[in-house]
Structures are given as structure tokens and as C-alpha cells.
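> In case it's useful when we look at the structure, here is the feature table from TrEMBL:
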| type | residues | note |
| --- | --- | --- |
| BINDING | GLU91, ASP113, LEU115 | Mg(2+) 1 binding site |
| BINDING | ASP113, ASP116, GLU279 | Mg(2+) 2 binding site |
| BINDING | ASP116, GLY117, SER118, SER119, ASN207, LYS273 | substrate binding site |
| DOMAIN | 5-192 | domain 'Fructose-1-6-bisphosphatase class I N-terminal' |
| DOMAIN | 197-330 | domain 'Fructose-1-6-bisphosphatase class 1 C-terminal' |
Amino acid sequence: MRSVTLSRFLIEEQRDKNVISPDLRLLIEVVSRACKAISIAIGKGSLAGVLGSAGSDNVQGEVQKKLDVISNEILLDANEWGGHLAGMASEEMELPHAIPNRYPKGEYLLLFDPLDGSSNIDVNVSVGTIFSVLRCPEGMDPNEQAFLQPGTRQVCAGYAVYGPTTLLVLTLGDGVNVFTLDREFGRFVLTQGDVKIPEETREFAINASNSRYWEEPVKRYVDELLAGKDGPRGQDFNMRWVASMVADVHRILSRGGIFMYPIDSKTRAQGGKLRLMYEANPMAMIVEQAGGAATDGRRRILDIQPEKLHQRVPVILGSKREVERITSYHGQ
Ligand code: P6P
């Protein structure tokens, strides 16, 4: 069967289902090309002198890796001249990036974590790029306020995972599709259509070194999983924690599971660990579109009204039955 490239997929989505506009199709193509460039930069690693720290901190107060800065610049440079964007926001920049006056403006807002999990870069573990697309409110300047929309307003969400293969996972609100980078031709090819997350699972993902900080409902839920067949769940569970959200979420998208970065006494003051606008929201849209669920322990993530661009939230997402179970423990 002839392979369906990302370009053909997007043209058919636009023509046959009218789920995307020409400008949104252009935006996705541009982001996919930027992800290709990031994949190539990462693949060179030490050979290109791009490993290690950049000697600077980002707005989160985290040490920036050289590849954090390089990936951020690749996405900004690729997107600012095309005329499809009103503005961009990145984990690596305190304020939104306005499109320079010399370029045309579009209706979309692009938000991204250019290199999620970058602390894994220097030890050669999978990392990724996460992106989210909103419409800029009519007549509004693309300042921080314009970005503060709940996740239900996303018109598109996706991530690239840079692992043994480079994958692009995309939702337009009409299911989730996976594209694999064909390095020989330099193009993304559809390899999994309409992905669905199994509602049940025997695998969970959490950073267990934080267990002394967890709230009671999380302790109860995880203790039941650890008790396995000798406990109330009556079956054994397995644990995985890559510490790259993209890698953990992609495993869950591929074979089920539950990912938890819950609120705890260590992160309560800052509202959680992960960022709402360019980590939790795009991943929540993808997971829900694949039949899973995503909450902050109490509320659906996509319903959260953001108050700040770099707002952090607790994240629990994955196989629907498990997310419902732990969320119900929070209500008790
Ligand atoms: P911890 C990476 O820094 C990240 O933002 C996510 O990709 C990942 O899930 C989480 O933080 C890992 O956090 O506390 O285990 O290092």
C-alpha cells in the first residue's frame, strides 16, 4: 500500500473532513520540519558539541541544556515568517514571542516545550517536543492574556518523541495519528491510525522517590498497586518512569498505563511540577482523543482556566479506568 505522508494526510483532512484550515495545515507542516531539524541536532550529540549545559537558566529557574536553546531557536526561526501565527510561547521564554513586524500575521498561537526531558539528553535517553495550538482571540494582541485559554480551546496538539525512531503524534480533535520519520526521504509517514489507549492496564508511572510527600489518596492508590495480587486489586502491576513525559506518555498511548505527577507537599507551593499550557494541556487532548482520561487529581485538565502562562498543575493521565479510580479516591 502506498505510504501516506504527513502532507497527504493533512491535505486529505483539510479537503475531505474540513477539520483544518490551510493555515493550520501549513503550521503543522512547519512544526514537523522543525522537529526533523531538532531530531538531527540531537542525533549528532557530542559530535556536534551540542551536549551539556548552555550556562544559563530558563524562566523556570532550570539549567538550560545547549539543546534546549537550540531547539527553541529552531522552532522560533521556522515559524515566525510563515504568516500563519499571531504569536508563540515557549517553556524557555518568560514572555510570548511576538511575530516581527516585517512578517505577516496569522490567527494561530503556538505554544511549545521545545525539548521536554532534556535532563536525559546527556545520558542518551528519549526526549521530545510538545506543542499546542490555539486561536488568537479576535482583535486581541498576542500578549500573555491571549494565551490564557482552557485546553478545550486547542485546535491541535502533538508531540515528537526522539527515541530509537523519531515519531510525530498528532491530534486535530478527530482522533490520534502516529507518523514515523523516514530519514531516507526526510518525511513523516503515517504508521498508526486512530490510536486508542486500553481502558485497563497493569502498568503505572510515577517518581516513587517522592512518596513521602504524597497526599493520602495517591498513597492509597499506589500502595494498592504495589500490593499486587495479595492486595485489593488482586493482580500484579509493573512500574516504569523514564522522567521524560513524552516517552512515558507515548508508552501509555501505545500499550496503556497511568502517568502520575500529583500535587505533593514538595510542589504544592508552585501548584505542581508540570506546566499546564505546553505539557499538560496538549498531552491531555491527545490522551482524551485516544479514549483515555486526564485530570489534576480532581478536575479534568482541559477544563482548567489558566491564570499564568507558565502555570504548573498536577497531572494524572492514561487508561480511563485507572484515572477514574485514583480521581475517585481524591473525592473520598
Ligand atoms: P522528575 C522533565 O523535566 C519533566 O518536565 C517531564 O518531562 C518529566 O515527566 C518530569 O519532569 C520528571 O520529573 O521529578 O522525575 O525529574
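Here the Cβ of each residue, glycine as well, is placed from N, Cα and C on the backbone.
Map the listed features onto the structure and describe their local environment.
Around GLU91 (Mg(2+) 1 binding site), a 10 Å sphere centred on its CB holds 24 further CB atoms from the protein chains shown.
Sequence-distant contacts of GLU279 (Mg(2+) 2 binding site), defined as residues of its own chain at least six apart whose C-beta falls under 8 angstroms from its C-beta, comprise GLU91, ASP113, ASP116, ILE130, MET245, VAL315.
Under the three-state DSSP scheme, ASN207 (substrate binding site) falls in the coil class.
On the 0 to 100 pLDDT scale, the domain 'Fructose-1-6-bisphosphatase class I N-terminal' (5-192) averages 94 in this prediction.
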> Would you mind pulling the DSSP three-state label for ASP116 (Mg(2+) 2 binding site)?
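Once the DSSP labels are grouped into three classes, ASP116 (Mg(2+) 2 binding site) ends up as strand.
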> Any of the binding-site residues GLU91, ASP113, LEU115, ASP116, GLY117, ASN207 with a C-beta atom under 6 A from ligand 1? Give them in order, or none.
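ASP116, GLY117, ASN207, in sequence order.
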> Do me a favour and check the Cα-Cα span between LEU115 (Mg(2+) 1 binding site) and LYS273 (substrate binding site); whole Å is fine.
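Spelling it out, the Cα of LEU115 (Mg(2+) 1 binding site) and the Cα of LYS273 (substrate binding site) are 16 Å apart.
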> Enumerate the residues of the same chain, ASP113, ASP116, GLU279 excluded, that satisfy the criterion Cβ within 8 A of the mean position of the Cβ atoms of the recorded Mg(2+) 2 site; list them in sequence order.
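Checked against the 8 Å cutoff, the neighbours are GLU91, PHE112, GLY117, GLY128, THR129, ILE130, MET245, VAL246, LEU274, ARG275, TYR278.
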> Which number gives the other C-beta atoms within 10 angstroms of the C-beta of ASP116 (Mg(2+) 2 binding site), all protein chains shown included?
28
> Is it possible to list how many residues within the domain 'Fructose-1-6-bisphosphatase class 1 C-terminal' (197-330) are helical, extended or coil according to DSSP?
63 helix, 23 strand, 48 coil
> Can you tell which of the binding-site residues (LEU115, SER118, SER119) has the fewest other C-beta atoms within 10 angstroms of its C-beta?
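Result for the binding-site residues LEU115, SER118, SER119: minimum number of other Cβ atoms within 10 Å at SER119.
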